[in-house]
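So the structure is just underneath, and the comments pick up after that.
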Amino acid sequence: MSPPPYRSDHRDLSDRFYQPPDESPSRPVSRLQNIPSIPPPAAATNAPAYSSRPSSPTRPWSPSRTADWTRPPAPPSVVSSHYERADLNGSPRPGTPSSRYGGSPRRPLPPAPLFAGTTGQDTSIDIGDGNNDDDDVFGGGGRTIRSKHGPQASVRSFMSDSTIITDEKDAMAKIDLDEEEDESSNMVDPNLHYGPAPEKQSRRGVREAQMSKKEVQLINGELILECKIPTILHSFLPRRDDREFTHMRYTAVTCDPDDFTSRGYKLRQQIGSTMRETELFICVTMYNEDEIGFTRTMHGIMRNISHFCSRSKSRTWGKDGWKKIVVCIIADGRKKVHPRTLNALAALGVYQEGIAKNIVNQKQVNAHVYEYTTQVSLDSDLKFKGAEKGIMPCQVIFCLKEHNQKKLNSHRWFFNAFGRALQPNICILLDVGTKPEPTALYHLWKAFDQDSNVAGAAGEIKAGKGKGMLGLLNPLVASQNFEYKMSNILDKPLESVFGYITVLPGALSAYRFFALQNDADGNGPLNQYFKGETLHGQDADVFTANMYLAEDRILCWELVAKRDERWVLRFVKSAVGETDVPDSVPEFISQRRRWLNGAFFAAVYSLVNGKQLWKTDHSIARKILLQIESVYQFMQLLFTYFGLANFYLAFYFIAGSLTDPKIDPFGGNAGKYIFIILRYSCILVMCLQFILSMGNRPQGAKKLYLSGIIVYSIIMTYTAFCAIYLVVLELMSKAGMDVGDVAVSDGLFVNIVVSLLSTVGLYFFVSFLYLDPWHMFTSSAQYFALMPSYICTLQIYAFCNTHDVTWGTKGDNVINTDLGAARIINGSIVEVEMPSEQLDIDSGYDAALRNLRDRLEVPEPPVPESQLQEDYYRAVRTYMVSIWMVANVVLAMAVSEVYGVDSGGTNIYLAIILWSVAVLALVRVIGSTTYAVLLVVQKLVEGKTKFEAGNIAHAQAASSVGSSSGYASGFGGGGNMRDKFTEAKWAMQRQMGKAMFWRR
């Protein structure tokens, strides 16, 4: 009903219009051009009726947003300005990009949704797909429920028999968020109230997402959401022909990862048109890394997928090779993940804010699983790369764990939940921050494809040197670069020849999923691998707890020693991944604590359980090689345990040789005084570091730890100077040069020369053998200067913190409810339970007096299990460190007392140490050389096989058309030869690139 006329000459209100004043061009102020004259009310005139909400004593009358009259159009003078629509009351104002009704020339509105022809305030929930897909358990007719966004959002429920899914295995609820117009959205409930004022001002040009409540019927108590991807992302996708490209799938997982498949959860690769076999399953674990590290890793994976798809002649890969690859990103803790990393995932279409829920059907959600097949990639510069750059689609599973439960739990989600669901052939593990080279993942996969006995493979980890190699200016980064290089040249090839690599780095490694499986009794590699997650209290001794700090080493041993199997581990040097290394002392020490403790105790574990190797199906030759490797590991373990004493004795005898006035290069007994100062400085720093490691974190004592590293570097530099000086002096003497009355012992000379040649000399030899020598010129000096810190500082801190074995989250996260709760009833009114009658109050007082009078015995609270665990670990730590320290001190004191500083030639212990170092280095070089020879032979055999296969294929093709020639038959045809020359040229360029210092 329209309001009655105010006067006899009433005209329609549409004749009136707003016109902004001339003096305010930036923000026009509205005013009526013709001011109406309103007569006094008459008795016969009915009161005007407005469609507005009723007033109340606490809320004054306000016009409804759906008044019966509308604002007339603006005059021609202001038509060019963009105003809000005319059916809204209030002052007109220029539109902004955040407004749904207009924009500005500089900030235009985004394009309308391509898949919805309505406004952005209406949301519909579509139960069912509507497509007649027999394979899709969510197919069939569906119903749509529409609800209005905004403060006046209403809650509407539904019940439809068509949404019930009869298949018990796939009994999940599926919700499709769509946007359509609601004809009933203009209805206003007079009982609804406007919400509170906004807490903060929205950013210009950014529209805050409006949330609305929906009632959704759950099937079997589980929740799955099918959400359309954002409009902008959808607008530039090259492929939109399948639901996996246009919809993001969310699953709220309420069970343990071990029960994922038994509870009926399924992934996209198991249902509908996206049902596929998975050949390669890639796991990317992250904690709180930023978007730069994440995009480096993810973009590297996308480039590797493109390489898989480019291998058109492969029997496994090809144009649609991406369908056989699934990338699983696991974030350890919803509140720990970096916000900008979530933004990067959202930019790829994998993640959407506001979809996840904490509780479903009164069950706590343990993990939020997002699934989407993205067609774009973000590089480390945060630039989009798409199909025009060769990027292929990538199937992504993003598992956002609700709680922080450490990396081992993330791997349990990967192997026991998603791995069991997909049953992949090969699993690749990556850490966020590791950047795999474009062909790294292919070479890892190829190692399994060529040898069916390979259960695991390790790639080459390369230390990140920063832009322009400026990171090498940091001695800590340079020393780690040298350490990584020599490990990939000496240690990993040797272990690969034996067949057992002690550790497959979590930053870049691969496993055969079948080899990881447990037997029928539940015993196997994965069972041992995940034991560390459940260790707690005194049930787990310190040895076991520290051993599982390096759980990946346990997994490697269990694979090789698996009963009645013959699995081996391989090192793939062509699979290269670059990772950032610690560039500060506290971070470096904290990282190596876990590595050293885990490696030490895992090595002890493998030696103690060495008899398991004889229960495997390995050949006799392989078992002998593995036993030889056990002896080699025992020698390494022995040197590690007595590293402190050996370092001190080497310094004591070599630097002490210059205390002889005849050899002193400085004169005036300066060599003796320098030796005394450095000797006591070494002892003092060692004692100080024991104290620091017992009670201080590296982050809290940066300067003290740094000072110790500097002192050790000075000692090492002086020791190296003394060794080189003695060798040069003896060489000059043997050459007949006049060096005065100098007598260097022949025994000491031989020992030093052998030790130097076995370290520095062999390092140069194998580096040139692998065409990768540049680290010897850029990083070797820094490494040798910091070597005492590797031996002393890191080992002392690691052994003094063997009690620090924490699994799962820290802190008390339990909410106590024994006191009750104050429940809000209405507004600020709460309902509490308390004594109300005087009798209740008096009874409590009487009870307090009676307890004081009777002196009732108060039971002591039991000691928490966590406290018992910590006390137990600390006690064992103290015994262990005491034994270790006493053993090293006794060895150093005994040898230094038996042999003086001037007994270099007759010092048997020094000769044993130096020659042992030479023998161990020689073993490493022999293993590394063998690996290089086998690698060359393998390449030659592969090349010959491919060449012969090309000849046969060309001969068959030529005979089928009857136009083969002798030249083509003999040499494989022009096209085939061109392919071979191209491959050879590419291989040569790659080898030359490795030798180019300025490009690395």
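The backbone N, Cα and C atoms fix where each Cβ goes, and this holds for glycine too.
Among the features that TrEMBL reports, compositional bias 'Low complexity' is placed at 43-66.
Among the features that TrEMBL reports, domain 'Chitin synthase N-terminal' is placed at 212-279. Note on the domain 'Chitin synthase N-terminal' (212-279): DSSP counts are 18 helix, 15 strand, 35 coil.
Positions annotated as region 'Disordered' by TrEMBL: 1-154 (among others).
As annotated by TrEMBL, region 'Disordered' applies to 178-206 (among others).
Under the heading transmembrane segment, TrEMBL lists 634-653 (among others).
Annotation source TrEMBL lists transmembrane segment at 673-692 (among others).
Taken from TrEMBL, the feature transmembrane segment applies to 704-728 (among others). Residues 585-586, 589, 650-651, 654-655, 657-658, 663, 665, 674, 678, 681-682, 685, 688-689, 692, 696, 698, 744, 748-749, 752-753, 756, 784-789, 792-793 of the same chain lie 6 or more positions beyond the ends of the transmembrane segment (704-728) yet place their CB under 8 Å from a CB of it.
TrEMBL lists 748-771 (among others) with the feature transmembrane segment.
Annotation source TrEMBL lists transmembrane segment at 876-896 (among others).
Non-local neighbours of the transmembrane segment (908-937) in the same chain are 489-491, 493-498, 571, 573, 632, 635-636, 639, 646, 649-650, 653, 747-748, 751-752, 754-755, 757-759, 762, 765-766, 769-770, 895, 898-899; each lies 6+ residues outside the stretch with a CB under 8 Å from one of its CB atoms. Here TrEMBL flags 908-937 (among others) as transmembrane segment.
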Fill in: Reported mean pLDDT - the domain 'Chitin synthase N-terminal' (212-279)
86
